[in-house]
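Per Swiss-Prot, the features are:
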- F8, S9, G10, G11, Q12, D13, S14, T15, T16, C17, L18: ATP binding site (BINDING)
- C187, C196, C199, C202: Zn(2+) binding site (BINDING)
Amino acid sequence: MKKAVVVFSGGQDSTTCLVQALKEFDEVHAITFDYGQRHKLEIEVAQQLAKQLGVTAHKVMDVSLLNELAISSLTRDDIPVSHELQANGLPNSFVPGRNILFLTLAGIYAYQIGATTVITGVCETDFSGYPDCRDEFVQAMNQALAKGMDLPLMIRTPLMWLNKAETWALADQLGALDLVRHQTLTCYNGLIGDGCGECPACGLRQAGLKAYLDNRDLIMSALKSKQSAAH
């Protein structure tokens, strides 16, 4: 029996990955992390979608200790999300160590349930400057977890080399375009669906959707080319 653990936030990317995993695996376990993010609605959206999509199990883990260490606009209500980069060249929405912690816990969960695949929606193409969304980081984490648990673990990143328009094409290919567009929460200001239109996350999401809807055949063809190359 093929089992997978999907790191699931209820946003566009992780929901697309979850829908894809449900078509490929016999058992899909979703894991959502409560790290004190600004909007608890994110967790509620993840719970609703996991139930609606019919995952095998959905675990919500309290990792609020991250908020005690990591000062970020995503975890602190008194820090507005900014389009400007900080002195270190990173946006103020970067939560240091977040994906290190998330992938470690997802790997432990996979070990416990006998899964050898962890799926995450990180992407290097439109990664907002986050170093823990890069392929070299994921590869390093994959090696560390596999060695540390003596498990043939594979961290899969289906969106790693897709741009946002191609991610929308993938959702459409999976028959989930409307669900991803109207029921997911990507917005840093906590608005479901098309969002606020002003924060960096909404900017990426909306630009990608417009590009896809304006050039459906072209973008879908580009997606299929990347899928063929990956296999």
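If you go along the chain as it appears here, the first residue is 1 and each next one adds 1.
A Cβ is built for glycine as well, from the same backbone N, Cα and C atoms used for every other residue.
Around the Cβ of G10 (ATP binding site), 24 further Cβ atoms fall within 10 Å across all displayed protein chains. C187 (Zn(2+) binding site) and L18 (ATP binding site) are 19 Å apart (CA-CA, integer value). In the three-state DSSP scheme, S14 (ATP binding site) is classed as helix. Note on proximity: of the binding-site residues C196, C199, C202, the one nearest S14 (ATP binding site) is C202, by Cα distance.
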